[in-house]
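Novice: Supplied in structure tokens, the structure appears directly below.
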Amino acid sequence: MATGKYPSGIAILYPLVKFRTIKIPIPITAVAKTSGVRLWTARTNAIAPRRYDLRLRPDLAACAFSGSAAVAVAVSVPTRHLVLNAAELAVDGSSVRFQDLVPSEVVLFEEDEILVIGFDQDLPIGEGVLKMDFTGTLNDQMRGFYRSKYEYKGESKNMAVTQFEAADARRCFPCWDEPSFKAKFKLTLEVPLELVALSNMPATKEEVHGPLKTVYYEESPLMSTYLVAIVVGLFDYVEGSTLEGTKVRVYAQVGKSNQGKFALDVAVKSLDLYKDYFATPYPLPKLDMVAIPDFAAGAMENYGLVTYRETALLYDELLSSASNKQQVAITVAHELAHQWFGNLVTMEWWTHLWLNEGFASWVSYLAVEALFPEWNNWTQFLDETTSGLRLDALAESHPIEVDINHASEIDAIFDSISYDKGASVIRMLQSYLGAERFQKALASYIKKYAYSNAKTEDLWAVLEDETGEPVKDLMTTWTKQQGYPVIYAKLDGRDLHLEQAQFLSDGSSGPGLWIVPITSCCGSYDAQKKFLLKGKTDKVHIDGQNAGGEKSENCWIKLNIDQTGFYRVKYDDELAAGLEKAIKAKKLSLMDKIGIVEDSYSLSVARKQTLTSLLRLLNAYRDESDYTVLSHVTSVCLGIDKISVDATPELCRNIKQLLINLLLSAAKTLGWDPKDGESHLDVMLRSLLLIALVKLGHEETINEGVRRFHIFLKDRKTNLLPPDTRKASYLAVMRTVTTSSRAGYDALLKIYRETAEAQEKSRVLGSLSSCPDKDIVLEALNFMLTDEVRNQDAFYVLGGISLEGREVAWEWLKENWDRVLKTWPSSSLISDFVKSTVSRFTTEEKAAEVSEFFAGKTKPSFERALKQSLERVRINARWIESIRSEPTLGQTVHELLQHEL
Ligand code: BES
Ligand code: ZN
């Protein structure tokens, strides 16, 4: 096989946007990026794959594989070239045939990941079979066909696993690797006899040949390449079945399959639920879910063979925390939702990725709400909305529907915009249209586009048809436009004046204009108003007794009831005061309490209101005891704490104390020890508050955490440190570790080395770098580079870096950049390195220094993360500047502290 220049006969097209030919010596065969020189997509209007017959032989010891493909291809326009995707594969040129035609050239363009097969004559119109043999390596990068390591009976073993989304099927076999090229897949695997070999479809036959077996699988229905999957290794499983009789299995490492029972139960129930919700049966004959020890993302929805990192699938009553449990349930529900939304109906192109991810995220809450009503899952959904709103307030955000001009840009859009904003605008639309109408329309959409592809507008069209509402006009303002509005609300007599402006955290206003579903209520939730704000301004007439002016605790007006809308509200002083009173008087719903504190925090960051007023508002939450609300209050407290050292060193201790006081009474009520029969959310709350108090430096909590840790060290089974409070204790230990007294750090490392449990390992890793001692932070970062830490787990260490360690972490990143980039090439992982080091800074100078370092080094995989992090630094710098000039901050902090005593 040659690599080199494009064959002269290839006509190059601009992709997707317009099929514009730049030179047409022969009929159209391939499309290229902007310049016409780079040929990066195999999209063509002449050729379509129909069916892949793939045979793969992984060699686990040698970390290599060989394979052969026979692809039935429909040729609809005369052409002499087949243009498909391949990367890091060696295609044996002499093996390539199209029917009995021998190609005149077989050229791989490594950089563009394109394989061109040229013939001396036109290929016959109609269906023909393209055959070829190829080899590749089982890489270490958690993408394509890769190896993952595990221990079995004290020995290190390799397993072979695939991860193809977004564009890595081409690293396993040559293919038309874009979501709209749906085809049927028939796989055959040749593997060692003793191993479990799984693929999307059930095995039909196994033949034994000496130490190897050949496993044949059923042919799949039409599906996209990124959903093809293979897993080969040693596993145990647990099995269940849906009401319809679909067999569901959870595979885990030998000896761990019992930890799959919880996920199995969630999976079986979710499949039944989705079948009803989408009014379409689960499309495949079986579903397998597998825990993979090395896994880049959290989980992957491969059709019929869903893969997970261990922490996202395995749950153990004794070893896992309540929050681990929730994570497993949400992840399973998310991936199974994809079996319909994503796998059966697939986005047409990556621009519409949010149709996959936003919907799966939203639907997962629906399922988990039904399975675990006591978790108050829809209130917890506001975590998603919050992350979406926080990211989308950056100028460096992007619209939900985003142009993708190169395969290398795809991975970076698996972000909070596609997931969290996507899911939130769906909730907004559902709440506008009504749950029942919405569900019916979704079911029609699934039916209409089953086994095929859809664009965002296709969904809007179905929803419009079914409901008669102007869905497209409404939703286009949210999906094609980046950002979201803040609604300024002012009361003028009985008129409530509303004005929208694009909200940006840097304090400026963008040009955006949205059609905003406004909801409001006044004094009670009984009478609610609902309308679409279409222009810049509008007003609502407030009737009833409860508008502003009067002094009763019923004088409150809340917009965006239960935060169903993806926007913020800035109330005038009078309305804000009314809401503060209503919070104290416990008149508001949990969701509204969350919305108010979140909006107020973001408005402070954007300098639309003072930190002083935010602290006063926080004081209204002092008696709060609900997990869902306190999780937001806590996150706001920690946000304030992070900048207060830089903003007002002289007040910083007092502010810390104030924040501690806010959380302390709820924390004291719960204590450290679990109580019989307490609710899931109280267990979550205990963990949340103890961690926050440790982070805020509350001495008593830190001492108690350290005390319990020492007992735990002697007796790992002690009831004094169950999984839910362990992280708080580990953090407490690390807050007291110094270079000279490092016994706690060493003890944590010992725990890390002794446990085989991924969730426990993640708890330790997330604590190691949280030490105030810079030398220890450095040690933790270097430990992360050793073989003892899986590459997939680096982000735990990064996420824990202490404020005191930010400078050392940045220096470390600069020194190790080349190695880091090579070891963690995937977008989400490399972006974690950039975000966690850069966004902790708060000065313009530092932002300039970071930009200078990265000048000439950026890549699509982390470019957006870098820009966003730099923007955050600059936003913090300005916020700090303005906090310094708040005239009454010191006095207010003092007063609030006094009030406490
Ligand atoms: N399709 C994604 C996995 C993925 C992410 C593939 C990024 C390629 C690039 C999967 O459905 C997913 O969204 N996983 C989430 C879990 C979830 C509960 C939101 C994840 O990995 O975090
Ligand atoms: Zn997903």
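Please read every residue number as a count from 1 along the shown chain.
Just so you know, glycine gets a Cβ as well, placed from its N, Cα and C.
Note that TrEMBL annotation is computational and uncurated.
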Novice: Using only what TrEMBL says about Zn(2+) binding by His334, His338, identify which of Glu310, Glu357, Glu369 is listed for that site too.
Specialist: Glu357
Novice: For the domain 'ERAP1-like C-terminal' (556-874), report the average pLDDT of the model, please.
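Specialist: A mean pLDDT of 96 is what the predicted model shows over the domain 'ERAP1-like C-terminal' (556-874).
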Novice: May I ask which residues of the same chain, at least 6 positions away in sequence, place their Cβ under 8 angstroms from the Cβ of His338 (Zn(2+) binding site)?
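Specialist: Non-local contacts for His338 (Zn(2+) binding site): Glu301, Asn356, Ala360.
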Novice: Using the centroid of the Cβ atoms of His334, His338, Glu357 as reference, list every other same-chain residue with Cβ within 8 Å of it (recorded Zn(2+) site), in sequence order.
Specialist: Glu301, Glu335, Ala337, Phe341, Gly342, Asn356, Phe359, Ala360, Ser361, Ser364
Novice: Highest CB neighbour count within 10 A among the recorded positions Glu335, Glu357?
Specialist: Glu335
Novice: How long is the line from the C-alpha of Glu357 (Zn(2+) binding site) to the C-alpha of Tyr419 (site 'Transition state stabilizer'), rounded to the nearest angstrom?
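Specialist: Cα to Cα, Glu357 (Zn(2+) binding site) and Tyr419 (site 'Transition state stabilizer') are separated by 5 Å.
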Novice: What count of other C-beta atoms do you get within 10 angstroms of the C-beta of His334 (Zn(2+) binding site), across all chains shown?
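Specialist: His334 (Zn(2+) binding site) is surrounded by 28 other Cβ atoms within 10 Å.
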Novice: I want to verify one value. Collapsing DSSP to three states, which class is His334 (Zn(2+) binding site)?
Specialist: helix
Novice: If you draw a 10 Å sphere on the Cβ of Tyr419 (site 'Transition state stabilizer'), how many other Cβ atoms land inside?
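Specialist: The Cβ of Tyr419 (site 'Transition state stabilizer') has 23 Cβ neighbours within 10 Å.
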